[in-house]
Amino acid sequence: MERRIFGLETEYGVTCTYRGQRRLSPDEVARYLFRRVVSWGRSSNVFLRNGARLYLDVGSHPEYATPECDSVADLVAHDRAGERILEGLLVDAEKRLHDEGIAGEIYLFKNNTDSAGNSYGCHENYLVSRHGEFGRLADVLIPFLVTRQLICGAGKVLQTPRGAVYCLSQRAEHIWEGVSSATTRSRPIINTRDEPHADAERYRRLHVIVGDSNMNEVTTLLKVGAADIVLRMIESGVVMRDLTLENPIRAIREVSHDITGRRKVRLASGKEISALEIQQEYLAKATEFVERRGGDQTAKRVVELWGRVLRAVETGDLDPVAREIDWVTKLRLIERYQGKHDLPLSHPRVAQMDLAYHDLRRGRGLYGLLERRGQVDRAATDPEIFEAKETPPQTTRARLRGEFIRHAQEKRRDFTVDWVHLKLNDQAQRTVLCKDPFRAYDERVERLIASM
């Protein structure tokens with residue numbers, strides 16, 4: 001596909017503490033967080049003026065789904081806009097708590113595991129053609145996705161019976177299948193539930209649930225950008241070496257537990273190969289593909305960065321990518337902290353630091369602190385993120401949804417929307433079905449808006 005629709009859905013961890021003790025249950029915190037949303041949206045599941053969806057997911061996890069984006073750069077800005085919107089809800093909820101005489105601080109974490117061992121995800125969505133072979137797509141993608149954590153993991157200190165280990169990925173321990181139609185019970189790498197949110201005769205939505213939530217914009221750019229290039233190669237019929245893994249679920253854990261990328265995983269053919277070698281194989285094909293096809297600036301940046309990360313892992317000198325890749329940034333922070341205070345990796349203060357990296361509250365979260373000090377690289381600007389909080393992407397269906405919502409709210413009209421429907425809840429119950437996610441202008445929607 002020359003143009004592709006991308007979307008990210010991020011579930012956030014939530015807690016409320018007072019002097020280190022848990023103050024409210026996650027359910028109660030979530031209710032406070034969403035009270036403002038419910039007051040104007042009459043629901044804890046709403047679509048916003050920027051085309052995004054904000055809702056309370058299973059287990060009291062606030063979830064933000066970006067609007068449909070047709071560029072990875074746009075997606076990065078809209079993902080960050082979601083963080084800012086949730087941070088606004090957090091500030092509001094804390095004020096309300098204090099007004100009611102409840103002391104405590106609310107925390108929102110953009111991570112993937114809590115202290116009780118529960119996991120929540122960052123789901124990537126890629127629109128693909130209905131006419132390709134979905135099975136082949138999965139076969140080629142799974143070895144890539146299993147080893148992709150080497151270039152875009154969020155990093156995690158994992159406590160094991162044999163002591164603490166620093167892992168590449170937070171999500172790896174919680175993936176139980178290769179391909180499946182469930183997302184919570186079995187947690188596959190690729191979810192096959194067929195909900196394209198588009199014309200089902202033309203499109204499928206590839207739903208990848210194996211990735212970590214990233215704090216660094218550049219890591220997000222690489223995560224989605226590299227997957228997009230691999231998808232384009234498959235769609236273009238690029239011949240790939242058969243790297244089918246004997247046991248993807250065992251492999252994903254083995255890869256996560258080895259930050260050198262050298263541990264061998266077994267292929268279905270019986271051959272053994274390292275995560276680094278698998279990624280190098282995909283990168284070589286991707287570089288050649290982008291050069292031959294003449295990719296855009298983002299594709300060129302992705303391939304260049306991908307190469308630098310793999311070189312850093314191969315040489316063992318991670319410093320050249322410490323400003324760009326989450327797991328490396330966090331590892332360096334932890335190593336400095338350990339050195340300064342002479343602490344083992346298993347120390348509770350190290351675990352606290354691991355968590356603080358993902359704290360969304362600017363001025364308190366560790367990642368936000370690094371960003372303010374200019375110690376990490378960016379892939380979006382603050383004005384772009386600010387604009388994305390209110391304004392949908394202008395080249396996709398999200399524009400139609402955002403415009404419809406804005407006008408309906410300004411005219412105080414009752415309405416219902418989802419990814420494909422726009423409906424005015426008046427006597428006529430007029431509804432427009434928007435099946436084409438690439439279509440940003442539609443006379444039917446304009447007529448519906450004009451009729452308000």
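The backbone N, Cα and C atoms fix where each Cβ goes, and this holds for glycine too.
For the Mg(2+) site, Swiss-Prot gives GLU9, TYR55; the one candidate out of GLU2, GLU63 that the record lists there too is GLU63. Checking each of the recorded positions GLU9, TYR55, ASP57 against THR66 (ATP binding site) by C-alpha distance, the shortest gap belongs to GLU9. Between the candidate recorded positions, GLU9, ASP57, the densest Cβ environment within 10 Å is the one around GLU9. There are 18 other CB atoms within 10 A of the CB of TYR55 (Mg(2+) binding site), with all protein chains counted.
Listed in sequence order, ARG53, HIS197 are the same-chain residues at least 6 apart in sequence whose CB falls under 8 Å from the CB of TRP419 (ATP binding site).
Highest Cβ count within 10 Å among the binding-site residues ARG53, GLU63, THR66: THR66. GLU63 (Mg(2+) binding site) is 6 Å away from ASP57 (active site, proton acceptor) when you measure Cα to Cα. Apart from GLU9, TYR55, GLU63, the residues listed for Mg(2+), the same chain places the Cβ atoms of THR10, GLU11, ARG53, LEU54, ASP57, HIS61, PRO62, TYR64, ALA65 within 8 Å of the centroid of those Cβ atoms.
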